[in-house]
Amino acid sequence: MVVPLKRIDKIRWEIPKFDKRMRVPGRVYADEVLLEKMKNDRTLEQATNVAMLPGIYKYSIVMPDGHQGYGFPIGGVAAFDVKEGVISPGGIGYDINCLAPGTRVLTEHGYWLKIEEMPEKFKLQRLRVYNIEEGHNDFSKVVFVAEREVGSEEKAIRIVTESGKVIEGSEDHPVLTPEGYVYLRNVKEGDYILVYPFEGVPYEEKKGVILDESAFEGEDPQVVKFLRERNLIPLQWKDPKVGILARILGFALANGYISENDNLTFHGKEEVLREVRKDLEELGIEAIVAEEDKLKVTSREFAFLLEKLGMAHDSIPEWIIEGPLWIKRNFLAGLFGANGSIVEFKGDVPLPITLTHSRELLNDVSRILEGFKVRAKIKMGKNGSYQLVIEDEDSIRNFLGRINYEYDPEKKARGLIAYAYLKFKELMKGNLMTFEEFARDRGYEGGFVAEKVIEVKSVKPEYDKFYDIGVYHSAHNFIANGIVVHNCGVRLIRTNLTEKEVRPRIKQLVDTLFKNVPSGVGSQGRIKLHWTQIDDVLVDGAKWAVDNGYGWERDLERLEEGGRMEGADPEAVSQRAKQRGAPQLGSLGSGNHFLEVQVVDKIFDPEVAKAYGLFEGQVVVMVHTGSRGLGHQVASDYLRIMERAIRKYRIPWPDRELVSVPFQSEEGQRYFSAMKAAANFAWANRQMITHWVRESFQEVFKQDPEGDLGMDIVYDVAHNIGKVEEHEVDGKRVKVIVHRKGATRAFPPGHEAVPRLYRDVGQPVLIPGSMGTASYILAGTEGAMKETFGSTCHGAGRVLSRKAATRQYRGDRIRQELLNRGIYVRAASMRVVAEEAPGAYKNVDNVVKVVSEAGIAKLVARMRPIGVAKG
């Protein structure tokens, strides 16, 4: 989607209501550098989709640190009417569930790739998906390939089906069953799951050029220009378009012709030509249905291209014969889709599959089929025509499982179910059902088949990473090993110490923090609560922590919402979420979560800084962590619930990730209660970490944190949260549910929600930078209330994925570079240091400058790091 932008001023941009589904415009806060980064992913498209949701007020907003998220952009803000609007987990914060490395993913061209190969080599490749609503397989481009660390105590689930298909992934990864999606952990032996029976072929890489401009010497220059504009020349072996061209050429040799005036026409059934047209459109070629059984290509240039690729000959072109197996497979599937016979059975025995054409071409086809272990004979018919015949059962099975048909939906679906049946025959002894019985009992539209699960195991992963793929298609699934698969915050603690006092002991201090505050992937807290004991934490948040000795009573005055959202309901949180959260309470986690010892090195507003208790040269500590696995599980649980409910409420669904329900619905209110519980867990978590930070300072400096070191909390802000607030819209006060995803509340002076000790100057806003760069403290403003529902940015925002960062940076080198700059880093692994390299993030100075110039937050102070502890 190309999203138009209208410049308002130097740092404000508007996404106009260019799509009739948009209820409001989009508003983007960014300079030109930051905006260009947003254009490189789906940030602006996601903001456009948010603008389509019911009950939205004013704008769909993107902060300068905005980047692509799940459903909503990270750095996105949207306010919905509490009566007419919606609530969406994707607008508050959500991650992904994943599959094991080595999992094979099926592409549109019929070859498999390992899921971990996708990010580097095949990000432009389209994948096969199951279009649930229309009941057939389809193709989709990839939105993202994501990865995450496997937790130290995390288990994976491995399931095996009766035909030997295996899938292994995180416990929360969904697979498709006849009744809908089910988490891997909930699959039981004897259950049925949906599989895509096609086996396909391995990928073979071939380098070089198939066709370049020299092939068109003497032709009209417009032909070359047309083809170059559509990236159809030069045509290289590695180009994903080659597979499409191979199957179109196969179809054209049987059911296409080029007229004397260079018009290209395909003929066939309407549903077949519809599929051909989709492939043509993917190449940028327009085609129109001239009659019920004819599809005409409007460009003579494409006809010239097919001629050069071999359509004018009565034999298979050399480039197909010389090509890798997957290219041959696409050519043959297009050819048999056009003119091959549909597979039929007599009881449990398959009848021969035939193809009628010239003897020369059939001889070529027979030779190519041998590479797929398919034996064929060529026979002469009564009328002098020639027929290729595949008649032995092994060859029929290999043809259906490795080649099959393209373009003809009926042939393809029946061929897939037939292949599954022939595999089923091998496994069954006696009492064998006929093919037609099997198709009725196990077959689904599109050629999908229900297979019984014969083994389910919980296993300890022998690998470090899980992977997942996001696709653009609304089906939001992909074929993996033949199976269809489918609140955070920041706290700032001040001290009375100066850099001069801390610098000599910075290594000892950071090492002590690292020792006392559990961190790392799957890290567990120092206290041991059973999952049945955390309901009080979910209700009382930071108050529970203080009541249990983790902090001081006055801490609660300095936390957003007092560290406790009213209305949290532990009953709305699943047992699984509690089981994930309980052992992690009081731990930092990994990735971009951190403890950072900082020095206030610049004061922009002395009056406000004084109110916040800050001075130049002062040492402060910043804590960034959230609700850990509990918060993720809450979002995951309710996404599934809402996906089932959304059709009931007839809510627009512009993006599969952007699931939502009416805020006042039963599902909406229950999710809001669960989200509050997750937020309370996060506040309790940061409160416990604060207690251990104070203990660490006491251990190193031998001084009392309260009486000597003055280690008060400056403030604690949430940046993945939904809140019911009152705001002014078009001169009227309205109640809204504000979604802040990777965005921070920024209330102005005088607002009743701002703590009394800061009410004269405005709410503190904490903006962490990336590792090794500055962080900022700002103050909320009236400008934020007027423009952004009292919201501003939350940090620097990534520009490189974690995988890309590890390819570009080495953790040990980054750590040494930071040490050379006077920043000591202690991390659970050097990989995390590489993932969090400063270059993996946007320039936080630019981000803060934009919000300051926009007047949606006011600069107060800048802090630079001198010590970092990371999980």
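Numbers run from 1 along the shown chain.
Glycine is treated like the rest: Cβ placed from N, Cα and C.
The Mn(2+) 1 binding site annotation in Swiss-Prot covers D95, C488, H593 and is backed by experimental evidence. Annotation comment: Swiss-Prot describes 248-374 as domain 'DOD-type homing endonuclease'. Residues or ranges marked as Mn(2+) 2 binding site in Swiss-Prot (evidence: experimental evidence): C488, H624, H719. Per Swiss-Prot, GMP binding site is recorded for 592-596, 719-720, 768-771, S775, 794-797, K870, and the stated evidence type is experimental evidence. The feature active site, GMP-histidine intermediate is assigned by Swiss-Prot to H794.
Neighbour count (other Cβ atoms within 10 Å of the Cβ, all protein chains): 29 for H719 (Mn(2+) 2 binding site). Classification of H794 (GMP binding site) by DSSP places it in coil, neither helical nor stranded. Model confidence over the domain 'DOD-type homing endonuclease' (248-374) stands at 93, taken as the mean pLDDT rounded to a whole number.
Cβ neighbour count within 10 Å across all protein chains ranks N720 highest among the binding-site residues N720, S770. The Cβ of H593 (Mn(2+) 1 binding site) has 21 other Cβ atoms within 10 Å, all protein chains considered. Annotation for the binding-site residues H624, H794: lowest Cβ count within 10 Å of the residue's own Cβ, H624. H593 (Mn(2+) 1 binding site) and H719 (Mn(2+) 2 binding site) have their C-alpha atoms 13 Å apart, to the nearest angstrom. Cβ neighbour count for L595 (GMP binding site): 27 (other Cβ atoms within 10 Å of its Cβ, all protein chains included). Looking at H624 (Mn(2+) 2 binding site) and L595 (GMP binding site), their Cα atoms lie 7 Å from each other.
H719 (Mn(2+) 2 binding site) and H794 (GMP binding site) have their C-alpha atoms 7 Å apart, to the nearest angstrom. DSSP places the residues of the domain 'DOD-type homing endonuclease' (248-374) in helix, strand and coil in these numbers: 67 helix, 26 strand, 34 coil.
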